[in-house]
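Undergrad: One structure is given below, represented as C-alpha cells, and several questions about it will come after.
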Amino acid sequence: MSSLCAHVLAYSQRSCPIRPRLGTLSLQRLDGSSTPEIQTPGFITTSSRGVVPHLSRDHVRSTPSIRWTNIPFESFLDRMPPVPTLQPGSDPLHTFTGFPSKQHILSLSLRDPFDGREMPANNKQFVSAYCIRGVRKVTPADWKKYALACKPDLVVALSDVPYTSQPHSQKRATKSIERSTAWLADFLRPIPSTEESKLHRPDVLVNLVGGLEPRARTSFSESLVETLHGKEQEQIHPLHRLDEGVSGYIIDLLPLRLSRRLETFQSLPGQTVLDPETYVELARASLAPLPQNKVRIAYSTSSPHEILRFIRGVGIDLFDSHWAQRAAHIGVALDFRFPVISDESSIWNEEECSRPRVRSTGKRELGHNLYLEKYSHQHVRLASSFLDGTSPSSIQDAVICPCELVHQPLHQPTSLTAMPMSTT
Amino acid sequence: MEFEILARCPTTKARVSRMKLAHGVTALPTFMPVATQAAIKGLTAQQVEALGINLILNNTYHLNLRPGMKILKEAGGAHRFQGWNHNLLTDSGGFQLVSLSKFTKITEEGALFSSPFDGELTMLTPEESMAIQHTIGADIIMQLDDVVSSLTTGPRVGEAMWRTIRWLDRCIEAHEQSGKTDVQNLFAIVQGGLDPDLRDQCLEEMIKRRDRVAGYAIGGLSGGEEKDVFWRVIKQCADKLPDDRPRYSMGIGFAEDLLVCVALGVDMADCVFPTRTARFGVALTFNGPMNLRSAKYASDFKPITEGCPCPTCSDGTTRAMLHHIVALETAAAHALTQHNLVFQARVMGGARDAIMAGTFPQYLKTFFANYFGDDGYPEWCVNALRSVGVDLLEDRPNVKIIPGQGVKWDRAEP
C-alpha cells in the first residue's frame, strides 16, 4: 500500500483552529520511491475520459505542475467490464491513462465532480453514474472491485450525493449521510489477504456530505471520528474509527451550489447574488470535528477569489483547476497575480504585452478574451503579469500569436490549457 | 535554392536529393504536411518540429482571408506568425478555384473570389498571388494556375492550360521584380487535365522557362480521376521535366500513391489526408489503416504500431485508450496526428534509405506485401511500377489484383 504524505510547513498566525497553511504532499510508494512533491495550496488537474482535455501526452509531460490528476471513472462504464480494469501490469490506471507513476498521483472518483446534470435517484444499493451509453448503476461492491482492479493511488469512497430534482427533503439528507457512512465503512473493510491486494490498496479520500445544513455536515464528520464498537468496529477491524482509514477530505461544492441556487431563488425572487462566505462556513462545519493533519480538497471553486477565500477560511490544500481549464476551452488566456499589481507597477510593459482590460467597475479582468479583435494585432506573449520573470513556465514565455489560436479550434484550447496549467 | 541529386535508383526513376532553402535543408523525396491556416491542425509548431518535419505547406487563399496580409506583415511573415523556423511552401490559391468554385469566377485578369465569411469580392491575379506569397515569405511559392477539376472534359481544359502558362509568365515577371528571388523560389505548375497532348504542350512551354523557375509541380490531379490515368499523367510529366529541378506532385497523400509517385521520379508531395483522417480516428500503419472507432480495438492494449518512434506509440498509448477518446476528446486528434505524420515520414524516409542503398525495388515489394497483405494489390500500382521495372507480383504471383482505386480501408463496426 502506498501512502500519502502530507506535511504542514507553516500555519498562518490566526488564532482560529482551522487556519490557512503551507505544506507539501507526496506519495510514498512501497518500493521506497516517492512522487515529486506538490506544494500546497496547489491544484489537482481535472480530466475527461482519462485525459487532460486538449493536451497530448508530450504536453502533459512538459507541464511540471500537472502532478495530481483526478480520473472520473464513470466514462469507462460504457463497456463491461470497464476497460481500465482489464489493463495488464502493476499500475493499470497509470498505464492506461499514460500518467507515469513516478511522476503523477492519480485519484479515482466514480462521478465527474463537475457534472451537475439531473440523474436518476441513488438508493441504498447503488449510485447512478453517467456514461456515453446512458446511466449505469454502480453498487459499493462494484466500486470497490473497480478501484482495486485499477489500482489508483487514491480512491474517493462512494458517497450518496443526490442529483435528482431539487429540493431535497430532510429525510433524503439523512439518508445521504447514513449511506455515505455505511459505504465508507464497507470500502474500508479488510480485503482478503492475497499478496496483490496487500500491495495495491489505495489511499482513501472521503467526500464530506451533509448538504446545506451545517449541523448535518458536522454530524457526518463526527461519525468519521467516533470510536466504533461491536459489529460496526468488527467490519473495519483493525481500525477503530472510520477516519483512521481516510487520508483526506473533499468539500464538493457543485451539489451545494445547485441546492443553494434553488433555495435562493425561492426565498428571494430576482436575487441571484449569493453570499460567497456561505460555502466557506459549510466547509468549516465539516472540517471542525476532523483532525488537522490530513489533506483538504475543494472541488468546483469557480474563481481565484473563491480559492483565496477557502484558503483563508478553512485552510484548503488542493483545488481543482477546472475553471482555469474551462477558460482555456473558451479562448480566455488567464493573466493575473495576487496581490493585485497596481497600475503604477513597473511590471507592466505595454510594448511587450498588454494587460487585461479594466471594467467600468474599476476591476481588472482576470485574463484576455482572445476572440476580441484587438488581439489579432498583438504578436506578443499572452501573459503580462509575469514580465518580471516570476513565471514558472517555459510555455508561458513563448510568443504565441493570439489570432492564430482563435482560428484553429484544435490549437486554441491546447495552447491555452498548457498555460494556466503551468502557472498552477 | 540549391538542389543536388545524391543517389538514383538503378531500376526505377526514383532519386534522393538535397534541397537547400532559406530555412534549412530538406531531404527529398518528402511528404509535406498541410498547415492550411498556419497550423498543422492539432499540433503546435514545436511538436511538428519534434517529429523531424522541416517542410510544411500553408495556403495563400486562406491566409489572405484570415488573418490577412496586414496582420502577417505586422508579424513579419508567416514563419514568425506561426512560430515555424523551418522551410515553408505556399500554394498559390489556384486549387481553391476548384474546391471553392461556387464562390469563384475566372477571367483572364485573375480569379474573382467571394469571401465565404462576408461575401466580399477579392480579385486574385497572378501578380496579387505573388505579392501575397511575398508577404507570407514562404521558401517555395507557387504560380497562380487555372485549375479545373480533373473530371472536366472539353475545351475548358485546354483553355485553363494555356491560361496557366500565361499566368506563369505574369508570375515570373512579378517575382523577378520583387527582388526576392534569392530567398523565395517560384515553382511552375504543369496543367492539361488528363489529356496527354495538352500535358505535352504544357510541359514544352514550361520547360522553355526553366531558367526562370526553381522547380515544377504536377497539378490538376487527385480530383477523382481513375488511378490508371493518374499514374500515366504523373509518369508523362516526371519523364519530361528537367532532371535538375525538384518535382512536386500536388495533393498526393495515400502511402501507395506516394511510393508509386516516388518510383516515377517525383520528389515532393502534400495532402491533408494523414492529418484529416487522424481527426476522424484513423491511424496509418504499415499494415494498412486502423480505424480506432471500431469496437474491435476497445480492449486492445497494444500501441498502434510496436516500435513506432512517434510520441503516441513510444509513450505506450494503447489502441484501447485511443478507442475510448477518439472523436470525443481533442487529445485523440493530437495523438493520431502525431502518429500519422511520423508514419508518412517513415514511408518517405524508408524510401530515401532504400534508394541510397540501391534496394528501392525490394522496399516497394515489402511495403505492398505488408500494407495490402492478402487483400490484393491495386491494379494501377502494379501497372505503374511495372512501367519503371518493378514487378510486384514477381515474388507473389498468386496475390489478388484489385481493379479501380484499390484503396485499403478499415471499416468501423458497431
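Note that Cβ sites are derived from N, Cα and C of the backbone, with glycine treated the same way.
What TrEMBL says about a protein is an automatic prediction, not a curated fact.
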Undergrad: Given the ranges B:105-109, B:275-279, B:285-289, B:395-399, which one is assigned the annotation region 'RNA binding' in TrEMBL?
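TA: Here TrEMBL associates region 'RNA binding' with the stretch B:275-279.
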Undergrad: Any idea which of B:13-19, B:181-187, B:251-257 is down as region 'RNA binding' in TrEMBL?
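TA: Result: B:251-257 is the stretch TrEMBL calls region 'RNA binding'.
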Undergrad: TrEMBL has B:Asp91, B:Ser92, B:Gly93, B:Gly94, B:Phe95, B:Gln191, B:Gly220 down as binding substrate; which of B:Asp139, B:Asp145, B:Asp244, B:Asp267 does it also list for that site?
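TA: Among the candidates, TrEMBL records only B:Asp145 at this substrate site.
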Undergrad: Can you pick which of B:His134, B:His175, B:His339 TrEMBL lists for the same Zn(2+) site as B:Cys308, B:Cys310, B:Cys313?
TA: B:His339
Undergrad: Show, in sequence order, which residues other than B:Asp91, B:Ser92, B:Gly93, B:Gly94, B:Phe95, B:Asp145, B:Gln191, B:Gly220 on the same chain lie with their Cβ within 8 Å of the centre of the Cβ atoms of the substrate site.
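TA: Other same-chain residues near the substrate site: B:Leu97, B:Met142, B:Gln143, B:Leu144, B:Asp146, B:Val147, B:Ile189, B:Gly219, B:Met250.
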Undergrad: Which entry in the list of recorded positions, B:Asp91, B:Asp145, B:Asp270, has its Cβ near the fewest other Cβ atoms, using 10 Å as the limit?
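TA: Per-residue Cβ counts within 10 Å for the recorded positions B:Asp91, B:Asp145, B:Asp270 bottom out at B:Asp270.
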Undergrad: Round to the nearest Å and give the CA-to-CA distance linking B:Asp270 (active site, nucleophile) with B:Asp91 (substrate binding site).
TA: 10
Undergrad: Taking a Cβ cut-off under 8 Å, which residues six or more beyond the ends of the region 'RNA binding' (B:251-257) line up next to it in the same chain?
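TA: Sequence-distant neighbours of the region 'RNA binding' (B:251-257): 31, 95, 221-223, 266, 269-274, 284, 343-344, 347, 367-368, 371-372, 378, 381, 406-407.
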Undergrad: Spatially, which candidate from the binding-site residues B:Asp91, B:Ser92, B:Gly94, B:Phe95 is nearest to B:His339 (Zn(2+) binding site), comparing Cα atoms?
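TA: For B:His339 (Zn(2+) binding site), the closest Cα among B:Asp91, B:Ser92, B:Gly94, B:Phe95 is found at B:Asp91.
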Undergrad: Please report the distance from the Cα of B:Gln191 (substrate binding site) to the Cα of B:Cys308 (Zn(2+) binding site), rounded to the nearest angstrom.
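TA: Just about 38 Å between their Cα atoms.
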Undergrad: Restricting to the chain of B:Cys310 (Zn(2+) binding site) and a gap of 6 or more, list residues whose Cβ falls under 8 Å of its Cβ, or answer none.
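TA: In sequence order, B:Leu51, B:Gln338, B:His339, B:Leu341, B:Val342, B:Phe343 meet the Cβ cut-off.
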Undergrad: Using the Cβ centroid of B:Cys308, B:Cys310, B:Cys313, B:His339 as the reference point for the Zn(2+) site, which residues of the same chain not in that list have Cβ within 8 Å?
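TA: Leaving out the recorded residues gives B:Ala283, B:Pro303, B:Ile304, B:Thr305, B:Pro309, B:Pro311, B:Thr312, B:Ser314, B:Gln338, B:Val342, B:Phe343.
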